[in-house]
Amino acid sequence: MKEAKVENIDFGNALSERYLAYALSTIMSRSLPDVRDGLKPVHRRLLYAMLQLRLEPNSGYKKCARVVGDVIGKYHPHGDVAVYDTLVRLAQHFSLRYPLIDGQGNFGSIDGDNAAAMRYTESRMTDICTLLMEDIDKDTVDFRPTYDGSDLEPVIMPASFPNLLANGSEGIAVGMATNIPPHNLHELCDALIHLINHPKAEINDIINFVKGPDFPTGGIIIDKAEVINAAYTTGRGSLRVRSRWEKEELSYGTYQIVVTEIPYQVQKSKLIEQIAILLKDKKIPLVSNIRDESTDIIRLVIEPRDRGCDPQIVMESLFKLTNLESRIQLNMNVIGSNNVPRVMNILEILQEFLYHRQNIVTRRSTYLLNKIKHRLEILKGLRIAYLNLDEIIKIIREEDEPKAIMMEWFKLTEIQVEAILNTRLRSLRKLEEQEIINEHSNLQKQQAILEEILNNPKELWKIVKKEIKTVQTKFGLNTVIGARRTSFEEVTLTNQVVDITAFITKEPITIICSKMGWVRSLKGHNTDLSTIKYKEGDAEKFILEAYTTDKILIVSSEGRFFTLLADNISKGKGTGESIKLLVDIGNNDITNILVYKPDQLLLLASSVGKGFLVNSNEVMAQTKTGKQIMNVPDGHVCIACLPVNGDSIACIGESRKLLVFNIDEIPEMKKGQGVTLQKFKNAKLLDIKIFNKEDGLGWNNNGKVKLEKNIVAFLGKRGSTGKLPPMGFPKNNRFSSY
């Protein structure tokens, strides 16, 4: 038994070499398309297997299981699921702009539904698909052995149409990815013809023909032309695509919005689910309902909350929050004709395709020319045989080795003699000289044409252009499949916030928040608080009279502000809903709840004894996570947020020292810790109060309201320690004993 040979190598180098081999295999054999035919190896093998099965567009369908079996058995030694998924995608009209496979059965839906099992579905090639493999039998492309060496497969497809840009491609390899959107074939053909006529054309010339992507699902590209041009010039970028919608008038002045097209690669079911979640979370108050009325065409019906809602504003709010507006990435990373992957711009991709077509036409012409020369040689021999028919027949009948004798006597070549000997005697007798002469003459004309094509580049490019025009005519803008589906409409995005309160009926409400953080609203003002019920162990904390159109500010003990629309607060006489469901307040307490008023000054104070004034406009939060305004040190909390409705402020803390000073001494800030309000030593600030000096300082002690007019003794500068409060001040060191 032979001993295993062990070779000592550096582990890092070995790992590096193997990973590099894996990466190259992934890039070259799986993830990136070839710039010439726009296909990956699995696509190429699948389509070639269908060609071998003769699944022509005018033939019958065959079970997909048969096709997949041939692919994995002969060409692609991978899982059947991966191959079938590829087949399904090539047949989906919402995935490919120009489907390559004609499927029969359930091939999935735009909702994201899976296709039926391969044993139930059937398929065949489309007319577009046949163009990819046109003339493949005329030595136009190289073939290589399959994985087991038992058969041959094409290295590349002849590709009579620019499949890479027409159908697009996407894939992720090791360290690189590609994402090429589909385009309109008619426009691509125009660009190719222009490039043939003007070989030195620049990208800007090409962009005049190719305006932008053309998605199978339609939609509207809303980016400016400059953005699209920049993406095509660099080969990288992104484009924004919006759904197409229309306003549908109903009776009594009402209307509904109907979405007829959605962005490319957006699943309709997930889009509806996304909108439904926003409806449930009350994030889109201008929308009351959404329903799916789609059949074989998209029809999403969106009902506005009120007939007075501007449909444009409704849709703008949906575009911002949902996939009704989507961003399509563009990264034209492909494998070039030199087998090197790189990012190409649109001009380079079109040039590579034209060079490929030039090579295909050259190889095809050479192949046909050789076939004609071969036939002409045979015809020359057949004519000699016709002129010496009796002698030929006699030699064939009487001689054991007629081949050598015929070559010697009649100066025939081996090919000519083989052709004569392979012809039946009966057929030899029926030979007519004129037929031979006519065929010989026609072939000579074809030979002259082919030689002109091969010897004259202008003639060759004429053929390339003619074939591109043929494709354009067959699948142009005037055809059902060729008409442009995606349109362009420049939209300038603004940061303007839609005032949704304009569409809410203004009604008085009373907002109730309990100590445990349960919030609700009741209709009207002057509510009988004795009828309000709370959960066991809970009680009232804040009672706030407001209107449904108001915005409510919630201040947490960590100094973070949250904003709620009053109309979105749970209504009814139940216990309401937890504030944690409405905002991300975490385990922090609620310091205060108040109605937002524009340009109102608010006083913030923390238990560390610091505070500052802030404009109410600065504390408005746009998200559920809120906005951090006051920075509170560890171990301390924000104890107060009060509207400034007086000229003086009173502070008191654990040290039971009362300090009164002018509110003008406190600076206005946007955020921060603030300045020292009252000085403490090993104590915390417990409460503050804003009041007018003329009215005096009041407090509530066990239900008795006390007003102190003489506050001179407690006056001081901001940052002082203060003095003991007057007799009768609450023992809890707060301005209310409750």
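Just so you know, glycine gets a Cβ as well, placed from its N, Cα and C.
Features as listed in Swiss-Prot:
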type     : residues : note
DOMAIN   : 32-496   : domain 'Topo IIA-type catalytic'
SITE     : Lys40    : site 'Interaction with DNA'
SITE     : His76    : site 'Interaction with DNA'
SITE     : His78    : site 'Interaction with DNA'
SITE     : Arg119   : site 'Transition state stabilizer'
ACT_SITE : Tyr120   : active site, O-(5'-phospho-DNA)-tyrosine intermediate
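For the pair Tyr120 (active site, O-(5'-phospho-DNA)-tyrosine intermediate) and Lys40 (site 'Interaction with DNA'), the C-alpha distance works out to 26 angstrom.
Counting only the Cα atoms, the space from Lys40 (site 'Interaction with DNA') to His76 (site 'Interaction with DNA') is about 12 angstrom.
If you take every residue in the domain 'Topo IIA-type catalytic' (32-496) and average the pLDDT, you get 91.
Across the structure, Arg119 (site 'Transition state stabilizer') and His78 (site 'Interaction with DNA') place their CA atoms 18 angstrom apart. The C-beta environment of His78 (site 'Interaction with DNA'), restricted to residues of the same chain at least 6 apart in sequence and closer than 8 Å, consists of Val42, Ile72. Around Arg119 (site 'Transition state stabilizer'), taking its Cβ as the centre, 10 other Cβ atoms fall within 10 Å, counting all chains. Within 10 Å of the C-beta of Lys40 (site 'Interaction with DNA') there are 21 other C-beta atoms, taking all protein chains into account. Taken residue by residue with DSSP, His78 (site 'Interaction with DNA') is part of neither helix nor strand, so it is coil.
Non-local neighbourhood of His76 (site 'Interaction with DNA'): Pro41, Val42, Arg45, Leu46, Val83, Tyr147, each in the same chain, at least six residues away, with C-beta under 8 Å from its C-beta.
The Cβ neighbour count for Tyr120 (active site, O-(5'-phospho-DNA)-tyrosine intermediate), using a 10 Å radius and every protein chain shown, is 13.
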